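*Asks:* First the structure, then my questions, so here it is.
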């Protein structure tokens with residue numbers, strides 16, 4: 001579908017969307033007790049994981065494209081409005097401390113800019129030209145992947161960004177909660193979990209927002225695992241930026257290698273706070289320079305670097 005036709009489709013009846021329908025199970029929610037309200041919400045929330053599971057093939061395809069993009073020097077770009085935009089910014093902001101990636105590798109853009117993170121800027125989502133301008137302003141290239149996030153699947157700001165990304169040749173995905181949406185037609189791939197009507201009609205920050213958060217978790221986490229940012233399930237690329245993370249790094253190093261707390265702290269000091277380097281040094285007996293060389297030779301994959309170091313005799 002061409003972009004003009006897609007934008008025309010956005011004018012269709014909002015009430016026809018799954019996410020805007022009335023939920024019969026919560027029709028009398030204003031008459032319920034507190035316990036009944038919570039039970040109703042909890043029962044609806046139980047449906048979210050199954051809805052996400054149905055989209056795993058599309059999520060997997062998107063992860064593979066993200067991994068390939070970052071591997072060739074590209075970026076993962078999230079863009080959305082309102083709650084959807086905030087969730088994208090949240091996921092992007094967690095990647096540098098969790099996986100030690102550069103801040104610009106995973107980018108979150110929200111309609112209305114940073115002000116919209118704390119204060120709603122509702123009208124900002126209606127301008128498709130601004131969506132295109134925002135991704136253009138960050139120097140979007142064909143190497144990048146753009147994930148447009150909008151529950152309705154028809155937010156003009158997000159559609160403008162997706163349209164621009166496609167026109168320059170960047171890979172695009174639409175994360176919506178309405179299958180067959182205009183955004184789904186516009187993007188290269190659609191991820192559309194059907195969570196059903198909300199307990200408060202149209203309040204898509206509820207089930208829909210939770211589904212989006214789960215999927216964003218998958219997109220970033222699975223991509224980083226594929227890029228060698230973990231060793232097993234250990235978060236070995238964590239950035240030590242506070243006392244809690246320093247304690248976590250020490251505990252991780254002790255658990256991974258069996259060394260003492262004092263040895264762990266010494267290794268982390270010698271490795272300049274790199275858990276990966278410290279583990280490699282302790283397991284293989286390499287010094288920091290040799291460990292770093294082995295990691296670089298294996299593109300940061302610790303498991304492969306350990307195997308490489310163990311096959312390489314230490315230099316006298």
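Here the Cβ of each residue, glycine as well, is placed from N, Cα and C on the backbone.
Feature list, courtesy of Swiss-Prot:
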- 66-229: domain 'SIS' (DOMAIN)
- 94: active site, proton donor (ACT_SITE)
- 125: active site (ACT_SITE)
*Asks:* Go through 94, 125, the listed active-site residues, and name the one with the sparsest Cβ surroundings, counting other Cβ atoms within 10 Å.
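*Replies:* With the active-site residues 94, 125, fewest surrounding Cβ atoms within 10 Å: 94.
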*Asks:* Across the domain 'SIS' (66-229), what does the mean pLDDT come to, as a whole number?
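*Replies:* Averaging the confidence scores along the domain 'SIS' (66-229) gives 96.
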*Asks:* If you measure residue 125 (active site) to the residue listed as 'active site, proton donor' at Cα, how many Å is it?
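*Replies:* Cα to Cα, residue 125 (active site) and the residue listed as 'active site, proton donor' are separated by 24 Å.
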